[in-house]
C-alpha cells in the first residue's frame, strides 16, 4: 500500500477530533437515560443545554477519520483498496460485530425503534444500527470506510490546485444544503418521519464533514492559517449558534425531547463545523508547541472507537447498580457519576480487550506454526 511519508507529530488533528467526540458522545447517552426518569423542568433545561453543547460528536468523528486517513493514504488508488479494507476489517469491523452481538444478546432492551423476534429481524437489527442507541453511527461510519476510494479520488483531484479545492467546497456546501432542506421537509417531523428514519445514518447525511476532512489535510497549511486568523470569529459564532440550537430545542416545549435536536438542521450543521474548527485550533496549538499532551491524545484516539462501542454496555451496568436510583434523588450527581465511570470503564476495557485479543491471536499463530512444523 502506497503511503505518503509526512513529518506530522505523533498526534494529528484527526486524533483530537476522535478523542473530543468520543468523550462528548458518552455524555449524550448519560443525559438521555437521566432524562428518561422524568426530572423537573429545571433539570430538563440543564440536560437540554448540555446535550446541545456536546451535539457535535458524529460530525467530528467523521472529519477526524477522513483527515487522518487522507494524511496517511492520500496517494492510494483502487489497487490499494484490498489492503486497506483488510486493515480496517480488524480495526473497525471485527469490534463492531462483537459489540453488536453483545448488545443484541445481553442487553436486548436497548434496541431502538422495535425489537427483533426472529432470525431475519435479528439480522436486520444487526446491520441497521438499531441494536443499541449509539450503533446507528457505526452503520453510517462504516459506509465511509467502504467508500474510501471516492475520497482518495477527491484528494487526487484537488491536489496542489486551490481552485479545485474551492470548487469542491462550494459544490459540497450547495448540495449538502439541499439535502438538509429535503430532510427537514420530508423526514424531521415530516410525512416520512417513521418510514425514512434510516436516512439519518446514510453517509450523505454526514458527507460534508468527510469532504471537509479531506480538504483540510490536502490544504493543511492554508487550513491552519485560516483557523488561526479566524479563531476569535469562530468563538463568537460558536456562542451565537449554541444559543440558536438551544432556542430551537426549547421552542418545542416540555417535556424536553432530545430527538428534537438532530444533526440534520442548518443550526446543528453550522454548530458542528464551528466546534470542529475550535478543536482544530486546540490541536494546532499543541502540535506547534510540541505539547506533552500529544502522545496522550494519540493513545486515547487509538482506542476511541472501541471505547465508543462499549460505552452503552458499561452505562447499562452502572445504571442498574445505582445510576437509576441516584437520578431520582439528584439528577446532576447521577450525570456526573455515571459519565465519569462510563468513560473510565470504556477506555480501560478498550485497552484491556485489545491486549487480550492480541495475545490470543499471537498464541493461535504460534500454535499453527508449531503444528505445521510437526
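Every residue, even glycine, has its Cβ placed from backbone N, Cα and C.
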Segment assigned the feature transmembrane segment in TrEMBL (from 111-134, 135-158): 135-158
Intrachain neighbours beyond the transmembrane segment (89-107), with Cβ under 8 angstroms and 6 or more residues off its ends: 116, 122, 125-126, 131-132, 135, 138, 141-142, 145, 305-306, 309-310, 312-313, 316
